[in-house]
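Colleague: Take a look at this one; I'll ask things after.
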């Protein structure tokens, strides 16, 4: 029983790390990243418009969070409440990470 719970937590952490890496590498691209000099910060380059960031965020959420939502619904249907709450918590963390990558890191630039 404890081994299964530890495995579930490990799977959730692995999914969070994979999602963060995929969003940062493939979905949160900025067409001005080539202007970033070594030692410079993100505020020194122009940023992509808000509409483009919303579109990128929605595409990333569709591809990366849909499997997690399906898993949450399955765990709820099967009445496996520990796994359900672990994956709901993972979904929340993935949403916060996505917010940070698309909008949060630009807060201090304005």
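The backbone N, Cα and C atoms fix where each Cβ goes, glycine too.
Positions annotated as topological domain 'Cytoplasmic' by Swiss-Prot: 1-8, 75-83. The annotation transmembrane segment is assigned in Swiss-Prot to 9-29, 54-74, 84-104 on the grounds of sequence analysis. Here Swiss-Prot flags 30-53, 105-110 as topological domain 'Periplasmic'.
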Colleague: Looking only at residues six or more beyond either end of the topological domain 'Cytoplasmic' (75-83), which have a C-beta under 8 A from one in the stretch?
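Modeller: Long-range Cβ neighbours of the topological domain 'Cytoplasmic' (75-83): 5, 8.
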Colleague: Counting only residues 6+ away from its ends, which parts of the chain sit with a Cβ under 8 Å from the transmembrane segment (9-29)?
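Modeller: Sequence-remote neighbours of the transmembrane segment (9-29) are 56-57, 59-60, 64-65, 68, 86-87, 89-90, 93-94, 97-98, 101-102.
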Colleague: Tell me the residue counts in helix, strand and coil for the topological domain 'Periplasmic' (105-110), as DSSP assigns them.
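Modeller: Tallied per class, the topological domain 'Periplasmic' (105-110) gives 5 helix, 0 strand, 1 coil.
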